[in-house]
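Only one structure is covered here, and it is reproduced in the block below.
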Amino acid sequence: MRCGDGPASIKNHRQALEDYHSGQALQHIVPKRKSKHECYDGHIARVWNLRNTFFIFFPIWFHLKESVGIKLIWVAVIGDWLNLVFKWILFGERPYWWVHETSYYINSSTPHIEQYPMTCETGPGSPSGHAMGAAGVYYTLVTSILAIMLSKEKKSSSKSLYLRGSLWTLFWTVQVCVCLSRVFIAAHFPHQVFAGVISGMIVAEAFNRQKWIYSASLKNYFNITLFLLSFAVGLYLLLKALGVDLLWTLEKAQRWCVNPAWVHLDTTPFASLLRNMGTLFGLGLGLHSPLYTESKKSSSARVRMACIITSLSLLHLFDTIKPPTHTAALFYLLSFCKSATVPLVTVSIIPYCVSGALGLQSKKQL
């Protein structure tokens, strides 16, 4: 769907967006020229990518506290899935293309927006996926750490107050950094990152109250993965049948991005969907693998630390393997398989091999 086309409701929505962004506000929230903070903000945008949840936080926390690792995956996957659905429904614009297509600047010069390699996201802009993912993941980490550290402490004790204050200060510092970086690189408007933070916290709090995810069967994982995938594809096909092109943003990204090399297939909505579905299904496969059951017999601190180091090292190497992008269908399929491999290897294969190797070493020393 092109900007301004379609049902009257969508026209009204876009007009409301233009009213919101009009005046001088846009010129204050996006950069006009390169600044000394460019590298910093680009680095922030990369550091708080949801990818780090799967390749760094999950391996560490799963081997330290299994329940926290499992909850991290559920929060990240469901949060990103909801983010996709919201984006398809809300038709959020992005600053780097909106400024060229809005009618507000017809009688004046269009402000210049500097673009960066992280600017040219190909999906709709509202709510911010980076902000929503960071809020969900770090809210989960903070509440989990507090639950572990303060399980025997009184809420009014000085230690409790200090720890709570420190962690929540860190949490909000991270959120501010993520939001500012996304606005700085012209990937989002302020209201989009704000909506992302609130949505992410709601998802995380919802999973703080769910206990069934820790005992979900493989059938549950399969059915939920299939439902989420079918719902998203069904919504896409339904809206397409109604004349709504949910890939309208891809054309805008290709048209207005100053460097075509910055438009990546892995930022499309379907790439995100397949990665998340692969991750969730891979977690289910790993937790119900015979290797996982066998590896649980050895859970010493030595084994856990070895599993963390091995997981981080192997996953870092594995992440350097990029699926070919010349064929979209093949790219999506391989993205699903790659994402499924990450939790499967972390949960079952690496612990089994590490515990076996350390057990064999201990026997030789006797």
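The backbone N, Cα and C atoms fix where each Cβ goes, and this holds for glycine too.
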Message: Between the candidate ranges 80-104, 330-354, where does TrEMBL place the transmembrane segment annotation?
response: 330-354
Query: Under TrEMBL, which of the candidate ranges 191-208, 245-262 is annotated transmembrane segment?
result: 191-208
Query: Per DSSP, how many helix, strand and coil residues does the domain 'Phosphatidic acid phosphatase type 2/haloperoxidase' (68-208) have?
result: 97 helix, 0 strand, 44 coil
Query: How many Å separate the Cα atoms of His130 (active site, proton donor) and Arg182 (substrate binding site)?
result: 8
Message: Give the mean pLDDT for the domain 'Phosphatidic acid phosphatase type 2/haloperoxidase' (68-208) on the 0 to 100 scale.
response: 89
Field: Close approaches to the transmembrane segment (131-150) from elsewhere in its chain (Cβ under 8 angstroms; 6 or more beyond its ends)
entry: 48-50, 53, 57, 61, 65, 68, 71-72, 75-76, 79-80, 82-83, 159-160, 163-164, 167-168, 170-171, 174-175, 178-179, 182, 188, 192-201, 203-205, 207-208
- prompt: Looking at the binding-site residues Arg94, Arg182, which sits with the largest number of other Cβ atoms within 10 Å of its Cβ?
  reply: Arg182
Task: Please list residues from the chain of His188 (active site, nucleophile) whose Cβ is under 8 angstroms from its Cβ, counting only those at least six apart in sequence.
output: Arg94, Pro95, Gly125, Ser126, Ser128, Ala131, Arg182, Gly196
